[in-house]
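The next block holds one structure in the form of structure tokens; read it before the comments.
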Amino acid sequence: MAQVLTEFDTIAAISTPIGEGGISIVRMSGEDAIKIANEVFKGADLAQVPTHTIHYGHIIDPDTGKTIDESMVTVLRAPKTFTCEDIVEINCHGGIVVTNHILQLLLKHGARMADPGEFTKRAFVNGRIDLTQAESVMDIVRAKTDKARQVAVSQLEGGLLHKIRTMRQEILDTLANVEVNIDYPEYDADTVTANQMADTAKSVIEKIDRLLKTAQEGKILRNGLATAIVGQPNVGKSSLLNYLTQSDKAIVTDVAGTTRDTLEEYVSVKGVPLELIDTAGIHHTDDKVEKIGVERSKKALERADLVLLLIDASKELTAEDKSLINETDSKKRIIILNKSDLGQKITVEQMKKLTGSEVISTSILKEDNMDELEELINKLFFAGIENSNDQVMVTNQRQTSLLHKAKSELEDVIQAVDDGIPVDIAQIDFTGAWDTLGEITGESAPDELITQLFSQFCLGK
């Protein structure tokens, strides 16, 4: 881990969402955090209070002597804080004006506006957390289901860090033997160390493969399963969206073409996070505005992981229905025969025989058979996923790409040993894999990558 750094200036930011609310929090971190807070706080002498204590008082503008707000101020002294620096958190009444006024007061008295993710970056640089734990901070904030939260918490507690470090140590132990052989060639242990490298490479590859098997589930838990609701106009798409979200996000009428754009919403169905996309009806139209909606719907369909295709069961299949069936044939999909209460011209058995897909019959407005739909969504989500109930998962593309790179480097080591290439040459890829795994945790990550990663965080984190 990195050594604790003390040359940072003092930063400040609003840590709660901007807007009206009961409480807002303005956070400072740095060597002068307590001193600056003391200059604007009327109550206890913050310079003298014990660490990890909270104090009632008022925020005062020293220039005017006027009270800005009453507040509760928390004092946390280094090094036992999130950033390993002195931290002060000012709890004030929620609202844009009062919160921003307090922030500006802190900036005026010597703090600097924090960059996005800078609090978490300081925690990383000061050795409090590694990169996987830093990423988990935002995963907890953005978690869409309880399962996603559990995985993020496990990562914050060092679950993935432990697995990566175990693999790196395995490589390092073998590298030590290789270095001895290179430095003392008279012992003629070249074959032994080459075989050790190959065996270690195989062992680490097995561990990498186990992590990579979690990548698909981890990605979906983090980002949601992009789910397009498609069908002809007035087939019940908006009714389905409203049912799944338990709200009236979409307008439901008997007028075709009511939805002229894509509507998006995140929901949890049986623990599966869905990014629902209610599309405009995909059909031929001469209406210019409706055409735009249809084009956006087609793009939404292209990126969808799952398609919920609605067909009016009370009517014979139309040419447009058949076209949609063909267009979605390559996707994971569930075909929903809606309006079954109006009489069925198409049966579940007929549709299954025609498409080979999962099919249910329902009346969405009457909520008939909707439990079966939710079960099917869960079933399709886990199809092809090795679900071990392990809380340690690979949750983003950065981690996945680096694991693939490390695996490739280790495969090159095995090939080099098989080809009889000298140990000191094969060692290059072996060391490369050790470095690549270190990029996942940040122990060997370039500064540019670290800066780019933390820039994706929001202010105050």
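Easy rule for this one: first residue shown is 1, then count along the chain.
For all residues, glycine too, the Cβ spot is worked out from N, Cα and C.
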Suppose a student reads Swiss-Prot and sees GLU89, ARG128, LYS461 listed for (6S)-5-formyl-5,6,7,8-tetrahydrofolate. Which of ARG27, ARG168, ARG210, ARG398 should they find annotated at that same site?
ARG27
In the domain 'TrmE-type G' (224-382), averaged pLDDT is 79
Kindly assign ASN234 (GTP binding site) to one of the three DSSP-derived states: helix, strand or coil.
coil
Tell me which of the binding-site residues ASN234, LYS237, SER238 ends up closest to ARG27 ((6S)-5-formyl-5,6,7,8-tetrahydrofolate binding site) in space, Cα to Cα.
SER238
If you pair up every Cα among ARG27, GLU89, ARG128, LYS461, the residues annotated as binding (6S)-5-formyl-5,6,7,8-tetrahydrofolate, what's the maximum separation in angstrom, rounded to an integer?
19
For ASN234 (GTP binding site), the one of GLU89, ARG128, LYS461 that lies nearest, given that the binding-site residues are compared by Cα:
LYS461
